[in-house]
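Each remark here refers to the structure printed beneath this line.
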Number of protein chains: 2
Amino acid sequence: MIATLKFTTLLLAVVVCWATQDYGYKDVEEPTLGDSQYGSLWPLPQKVQMSTVAFKLSGASFQIVDAKESSSGASCSLLQNAYRRYDEYIFPISRMQGQNKKKAFASDVSELQVWITSADSECDSYPSVTSDESCECPGMMFVFLVGALSLETFSQLVYDDEYGAKSINRTEIQDFPRFAHRGLLLDTSRHFLPIKVILANLEAMAWNKFNVFHWHIVDDHSFPYMSRTFPQLSQQGAYHPYTHVYTPSDVKMIIEFARLRGIRVVSEFDTPGHTQSWGKGQKDLLTPCYSGTSPSGSFGPVNPILNTTYDFMTMFFKEVSTVFPDAYIHLGGDEVDFSCWKSNPDIQKFMAQQGFGTDYSKLESFYIQRCVASVRHGLKVKQMISNSLKADTLIHVWKGNQQQYQAEMARVTASGYQTLLSTPWYLNRISYGQDWQAAYKADPQDFNGTDAQKKLVVGGEACLWGEFVDATNLTPRLWPRASAVGERLWSDKDVKDTNDAYSRLIQHRCRMVQRGIPAEPLFTGYCAHEYKGV
Amino acid sequence: MIATLKFTTLLLAVVVCWATQDYGYKDVEEPTLGDSQYGSLWPLPQKVQMSTVAFKLSGASFQIVDAKESSSGASCSLLQNAYRRYDEYIFPISRMQGQNKKKAFASDVSELQVWITSADSECDSYPSVTSDESCECPGMMFVFLVGALSLETFSQLVYDDEYGAKSINRTEIQDFPRFAHRGLLLDTSRHFLPIKVILANLEAMAWNKFNVFHWHIVDDHSFPYMSRTFPQLSQQGAYHPYTHVYTPSDVKMIIEFARLRGIRVVSEFDTPGHTQSWGKGQKDLLTPCYSGTSPSGSFGPVNPILNTTYDFMTMFFKEVSTVFPDAYIHLGGDEVDFSCWKSNPDIQKFMAQQGFGTDYSKLESFYIQRCVASVRHGLKVKQMISNSLKADTLIHVWKGNQQQYQAEMARVTASGYQTLLSTPWYLNRISYGQDWQAAYKADPQDFNGTDAQKKLVVGGEACLWGEFVDATNLTPRLWPRASAVGERLWSDKDVKDTNDAYSRLIQHRCRMVQRGIPAEPLFTGYCAHEYKGV
């Protein structure tokens with residue numbers, strides 16, 4: 001995928017051998033792409049003009065190649081990886097090889113030329129929130145112009161005609177994402193997710209043009225992140241010290257797999273709450289809770305009154321910032337239970353010293369400010385995402401009902417913060433029936449605010465919290481429900497016809513199934529190629 | 001599994017080499033089986049006495065063998081198949097082979113002797129509703145006495161000690177099922193289920209001591225059953241004429257796979273409603289609906305006024321009765337929409353001739369009576385299950401809320417009918433959280449009625465209707481939620497401690513995962529061996 005290429009304009013040119021006379025074409029009166037005029041495209045590009053003029057892709061001759069003019073090509077492994085992937089998607093059955101078999105007919109598309117126009121192709125660097133995913137259309141016939149992830153779009157245009165021949169209709173596309181941050185949260189603490197489950201879902205994310213994997217890597221339940229600086233954190237805090245951990249190599253592999261697909265990996269290390277598992281391997285990190293005048297033996301949130309806490313955080317996040325190349329770190333920061341802090345006499349004394357009275361949210365703010373300062377100190381360049389208004393950067397809104405989150409979006413943006421929405425996209429919450437529609441209808445800019453406020457919305461994230469999912473059921477529970485969020489975050493805000501979406505999504509889901517992802521059915525019906533993985 | 005063996009008493013004797021002195025034992029103070037005193041047993045046997053005296057199963061020497069006194073043995077392939085299966089479950093990692101490696105210690109269990117005491121072992125016949133699944137306990141030490149499916153129970157007693165050695169505690173078990181009919185409904189019409197999905201779920205059914213696969217094979221949406229007599233039914237009515245059908249060989253394979261696991265296959269061919277797919281391949285079978293005075297082009301339920309309908313049904317069910325060896329056929333019979341019948345002038349005329357007035361339920365009764373008569377005529381020996389009181393045999397209750405189904409169970413049994421319950425076990429209905437508990441708490445004998453009425457309850461069925469499930473998500477959605485129903489139908493009615501059940505079910509679920517079934521998690525946590533199939 002080309003999402004990670006930095007460019008001003010990305011061109012994918014399909015050069016076809018064709019005669020100027022009409023008889024060279026095969027006119028398809030009714031496109032066999034389904035009921036939507038947009039076939040199986042998902043998410044819908046910003047502008048699509050699909051004609052009924054169809055061409056065939058010869059399995060014997062079709063190739064994805066670097067355009068002569070392209071600034072990037074054979075030496076760009078990211079690009080070559082993408083060619084290989086999409087060649088296999090388009091021709092899932094091994095096709096005839098050999099140059100001498102090439103025999104292109106007048107109505108054949110012989111090659112897809114990929115033309116990267118930017119000087120800095122980002123071939124060897126990481127995608128970022130400022131990666132340009134847009135494109136322009138020069139208005140040429142047979143030129144497919146798509147933004148980042150354009151090979152995915154191209155592959156979605158290919159369909160089987162009535163004889164099973166790979167075909168594509170002449171189509172002009174202009175594309176760019178509505179939001180720069182299109183994330184998916186997976187939680188590897190409540191249940192450990194084997195690496196191949198994560199990789200499979202990164203693959204599916206790319207098909208749906210998600211570009212941020214929000215890795216909620218640790219939490220109360222387990223600490224599967226293997227830290228080189230503090231190895232005892234996972235040795236003591238993981239469900240199992242080596243079968244249920246992510247080693248540095250595992251993390252590196254996941255980041256590289258994501259990079260090749262234009263996906264950023266934003267790690268989350270949530271503090272000061274949600275840290276029970278941290279306490280097992282790091283003495284004195286958590287607050288000892290008291291029962292009356294003596295310690296109860298249980299522990300609460302991170303202890304905010306000790307300097308050792310901040311020394312630890314500085315060193316820990318320094319490591320994290322080298323392991324995860326993304327410019328952002330997610331600091332969590334939600335759901336801090338004050339009862340343990342309240343029970344602890346040392347904390348009470350500290351509160352009095354600081355003049356916080358009995359307002360423990362002031363202590364929480366104190367921790368977050370100092371933690372952010374420590375983290376900043378440790379890593380300098382990193383930016384923060386947080387669930388708390390006390391942080392000073394991107395605010396992630398993920399609580400409340402519709403009315404509440406809309407009010408929160410208004411408040412956050414009125415205060416000048418950039419924001420991300422997740423509340424309507426808690427995909428771990430399930431209900432009987434077609435609940436993808438509710439996710440599809442939610443819009444992150446749907447709140448009372450000025451245009452300037454709306455511009456502060458950088459996107460959103462679908463969240464699959466891990467209480468009830470693991471390797472056995474995560475993938476079908478996520479797809480194609482997350483696809484609904486994918487289109488909402490990519491396509492134009494006026495793309496909201498659920499009938500049209502349904503028609504395209506059914507096909508998109510079957511495409512995911514055919515490519516090996518067990519995306520669950522939307523309703524009754526069938527795919528030509530049912531899931532074979534069971 | 002031995003569920004299909006007809007016997008008065010089934011004995012599984014574990015013969016161990018042991019010294020009479022106590023030092024030969026390894027006393028386990030705290031059983032490592034988990035929090036429940038019953039370890040990971042699921043469903044809970046009727047009587048269990050588990051001691052803390054533990055023995056090891058040597059991978060090099062342990063064997064499942066036919067007892068010398070057994071009436072069935074080496075020539076019974078059903079039994080030999082079960083030995084192989086359970087040997088692999090108990091020792092999932094290939095173990096050392098070779099007679100010379102045998103070295104049994106004093107505290108080792110060297111073999112499990114399977115002692116079939118009945119004269120008719122049912123080795124080569126099919127399980128039935130009267131198959132004896134009970135057992136008796138002679139009170140001998142080290143003798144495991146379990147009912148049908150006893151190898152499963154034995155395998156559930158085996159656990160890894162702290163050194164990873166396969167171990168088993170001395171345990172006495174008396175067992176028999178509370179209900180004779182413990183069913184699971186799968187729907188292969190709304191979505192086609194590949195054969196291996198069905199086989200995998202039959203396997204899981206056996207682990208949960210289900211003994212009836214209720215195969216809702218056809219419905220409105222598709223007709224995947226390939227009929228030899230009327231091949232056009234699936235040619236026209238299946239989603240695809242050969243990729244989405246069950247051939248006679250497929251059906252035979254499924255029945256045999258089930259038989260080897262003590263599971264009956266009860267087929268359902270639902271009429272007169274739910275038959276849209278039948279109409280595609282069978283002209284004049286369905287009622288033409290009218291719009292005003294002319295046919296609208298759409299069709300309603302089976303046409304009850306034509307003799308050809310009953311000729312067809314006679315021939316069709318005659319075939320079905322030879323294909324499916326079980327004594328029961330399920331006739332469906334629910335949710336008949338009268339609007340099409342009402343619109344049709346020929347039906348109106350017939351109603352008048354018969355003196356039915358405008359009571360279309362009388363027409364439905366007419367159809368069902370005549371259909372049952374036809375089916376009976378065609379197959380003689382078959383018994384019927386139906387959703388409708390108009391049938392004359394086993395009534396399947398599957399509608400309404402709790403109050404309504406309990407009233408219905410009371411009414412049905414008061415009328416002297418045998419009955420099956422499904423209402424509380426519609427597992428296709430999902431909600432967020434631990435919904436297995438609601439399924440677990442429902443009891444089919446929980447209604448106002450006499451003891452005689454309660455005895456008419458022959459069991460129940462968990463149903464997984466197919467609107468939203470196919471090969472991608474069916475198995476994790478079903479397990480371990482269906483396990484809750486499995487225990488309710490097998491164990492004593494007083495087994496209803498959800499805490500104890502939870503502790504056992506967590507382990508039972510991990511066991512299913514280890515054996516290759518993607519049973520979804522009940523809550524946070526982990527299995528020592530996570531699902532590897534993704």
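Backbone N, Cα and C define each Cβ position, glycine as well.
Partner cysteine of B:CYS123, as given in TrEMBL, is B:CYS76 (from among B:CYS17, B:CYS76, B:CYS137, disulfide bond).
On a Cα basis, B:CYS76 (disulfide bond) lies 31 Å away from B:CYS510 (disulfide bond). When the disulfide-bonded residues B:CYS289, B:CYS340, B:CYS527 are ranked by how far their Cα is from the Cα of B:CYS76 (disulfide bond), B:CYS527 comes first.
Rounded to a whole number, the distance between the Cα atoms of B:CYS123 (disulfide bond) and B:CYS527 (disulfide bond) is 36 Å.
A mean pLDDT of 93 is what the model gives for the domain 'Glycoside hydrolase family 20 catalytic' (B:179-492). Separating the Cα atoms of B:CYS123 (disulfide bond) and B:CYS340 (disulfide bond) is a whole-number distance of 49 Å. Take the disulfide-bonded residues B:CYS76, B:CYS123: by the count of other Cβ atoms within 10 Å of each Cβ, the lowest one is B:CYS123. Sequence-distant neighbours of B:CYS340 (disulfide bond) (same chain, six or more apart, CB under 8 Å from its CB) are B:THR287, B:CYS289, B:SER298, B:PHE299, B:GLY300, B:PRO301, listed in sequence order. The DSSP secondary structure for B:CYS340 (disulfide bond) is helix. Within 10 Å of the C-beta of B:GLU335 (active site, proton donor) there are 11 other C-beta atoms, taking all protein chains into account. Here the Cβ of B:CYS510 (disulfide bond) has 21 other Cβ atoms within 10 Å, regardless of which shown protein chain they belong to. Ranking the disulfide-bonded residues B:CYS289, B:CYS527 by how many Cβ atoms sit within 10 Å of each one's Cβ puts B:CYS527 at the top.
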